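Listed features, source Swiss-Prot:
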DOMAIN    25-280  domain 'Protein kinase'
BINDING   31, 32, 33, 34, 35, 36, 37, 38, 39, 54  ATP binding site
ACT_SITE  149  active site, proton acceptor
REGION    167-195  region 'Activation loop'
MOD_RES   171  phosphoserine
MOD_RES   184  phosphothreonine
REGION    330-363  region 'PPI'
């Protein structure tokens, strides 16, 4: 990668001064551009970290009606930033005329470019990328976010060659559902499910599953399964399943693709189902597959501090981004226990397993010994923390630290804890 311009030495010839963005980032070369935004390589002045900065022209987005897409992209990336295979958003800044999205740098470029260079990928390589894609999309679906534009150009690679899903500008968030279904045609035709193009109400997760089937075909074959300059003819092929598998694709991979490219979304193989197949599980790096979300939340990392949007909210730009960065009040209860910290820990572990959470224990030292049990399910992480103030006094805090837990599950958890409660403190519901 090209290095960014360095401050010039007094003895060196005069050069164009590096452009410093709002005193925080040194802008480098352009990485790409579109009709209303461009992306630059940049370096953090504070940390020296290389990042990508998407520079969005406010006037163009307002005139073209693209502001809802910008809002969705920011909100989706904010919600999903803890998954290792989803491109992270670090910070949002703004001036009177521009919005700056500071994002993780995917220095490996587009997966699409890799496929173009090689023609097709070995099945083991294609499977690894597909595993990471499925993991990222399942994570987003569990948080109610459907991507709706899954294609190789939106699948980036970091310097280690790991997949990073990007461009959530067409994503649908839970509040955009009507009767549980989406109703807007989005995406790129060759990768878009037939029910989306027909503008019927559709399940965003099932539509993403279709796109994943096309992606897997492209990785293994080097071409799309349905390709016709006449869109109507292409969709007739889709409904007839009119495509052919090359001889080098394994029987298991063919079966998965065939089931994911089912034109009927009701009978189409879901991402959850494909992740249970033996083909998918082969060579799966389990530790990598499940890492990141759980550990980061058990360690009580801030869920909002990486995004600063005060400027966005206060500017008279026509873009109303207020509310995107207001952290919702999390469920939390506190009580004095009638048992020891160790017993609280064991009880929390037992309850978590009973109620279907993934359980992780941890011990920390503060002023006294602190027992921490993390309970994870989908996008939601709950922490049970027991602090031994004295030998006889143990205070326990139960709180949702990431995602949201529905009222019935939260009530079940609190009810299960009742038999170790000596007294409840003032509650934060």
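Just so it is clear, glycine is given a Cβ too, placed from its N, Cα and C backbone atoms.
Features as recorded by Swiss-Prot, highlighted on the structure.
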residue	record	DSSP (3 states)
31	ATP binding site	strand
37	ATP binding site	strand
149	active site, proton acceptor	coil
Other than its close neighbours in sequence, what residues sit by the region 'PPI' (330-363), given a CB gap under 8 Å and a spacing of at least six beyond its ends?
-> 294-295, 298, 369-377, 382, 384, 386-388, 393-401, 404-405, 409-410, 412-414, 416-417, 420-429
May I ask for the distance between residue 33 (ATP binding site) and residue 149 (active site, proton acceptor), taken between their Cα atoms and rounded to an integer number of Å?
-> 18
What Cα-Cα separation, expressed in whole Å, is found between residue 39 (ATP binding site) and the residue listed as 'active site, proton acceptor'?
-> 19
Under 8 Å by Cβ from residue 31 (ATP binding site), counting only residues of that chain that are 6 or more apart | 39, 40, 41, 52
As a whole number of Å, the Cα atom of the residue listed as 'active site, proton acceptor' is distant from the Cα atom of residue 37 (ATP binding site) by 18
